[in-house]
Ligand SMILES: *[C@@H]1O[C@H](CO)[C@@H](O)[C@H](O)[C@H]1NC(C)=O
Ligand SMILES: *[C@@H]1O[C@H](CO)[C@@H](O)[C@H](O)[C@H]1NC(C)=O
Ligand SMILES: *[C@@H]1O[C@H](CO)[C@@H](O)[C@H](O)[C@H]1NC(C)=O
Ligand SMILES: *[C@@H]1O[C@H](CO)[C@@H](O)[C@H](O)[C@H]1NC(C)=O
Ligand SMILES: *[C@@H]1O[C@H](CO)[C@@H](O)[C@H](O)[C@H]1NC(C)=O
């Protein structure tokens, strides 16, 4: 019992930690492990002061400190592997007021190393050869590509830059992701999620049956019996609903923080984000809580009946 309680407790703690350690979207943060740390806990990344409250520890890798730099300055991504990112490069940037100003990119933007990006392949924009590939860098870090479909504005997670500081060129690459439902690795993650949830649901069915059977609460329905369709319906139905909800959320919720992110960061759903509480730790904790309740009820009932039996036998 103590072990089960400890297990639940650690899962809840894990969920809570996931909740408050993720200060921002993972894709809006940078690794600060090698950045300069100030005495008051702030960090300096590319000359940008990142206060301590903008930092968080990566839940799955506690040695990795991350900073929400994109909340302080607009970010642009460098393609991975980043080429020659040390040097400074000036480029024409279209400001909010419509003026185009030649600026050092470091002055306007924080440069995120490309390892943050999840692309299946890259399309190199070639404005010198193709007029439809003309692009303009906007002040907020988005890329304006008037001929791009479906939207002429590519947010920063949809493209990346390769700097060639020696000849002053900047190559923009469109980050192409396959349409999610047809993405195999992601489907495997979704099948895994479905299986784990179903396993936990079956556990709750087993506790329920044990409770019903061991206490004198009636039906002695065992799994093998045909009369137990309702359990199958409950398990496969609930697991399907959970899967459908999280797949829909993955495709239609725009903020990555609230998405389950199947296979986006790892071969699993993102367990280090607030979303894990909704799609993973939340349902699991509920099931475990239910199991514990039934366990306690059974134990209490057994102890009570045990006492009456003893009294009778005396
Ligand atoms: C931390 O120190 C830096 C440099 O001394 C200063 O600019 C910054 O305001 C300080 N931050 C806080 C939260 O005190
Ligand atoms: C954890 O983060 C540190 C710092 O970024 C990195 O050097 C290390 O390789 C990471 N470890 C794992 C297991 O990812
Ligand atoms: C234009 O395209 C051709 C091949 O299609 C390529 O060889 C050439 O380098 C391109 N020019 C520039 C400036 O990229
Ligand atoms: C950046 O600016 C463009 C044009 O003003 C706008 O359409 C786009 O939504 C902005 N993107 C973000 C992330 O604010
Ligand atoms: C600039 O230099 C890079 C190599 O550093 C090269 O690949 C690229 O083609 C060059 N671009 C132009 C326009 O010369």
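For all residues, glycine too, the Cβ spot is worked out from N, Cα and C.
Range annotated as transmembrane segment by TrEMBL, chosen from 170-190, 191-211: 191-211. Annotated range for transmembrane segment in TrEMBL, selecting from 212-230, 231-249: 231-249.
Using a Cβ-Cβ cut-off under 8 Å and counting only residues 6 or more beyond its ends in the same chain, the transmembrane segment (191-211) has close neighbours at 217, 221-223, 231, 234-236, 238-240, 242-243, 246, 260, 262, 267-269, 279-280, 283-284, 287-288, 290-291, 294-295, 297-298.
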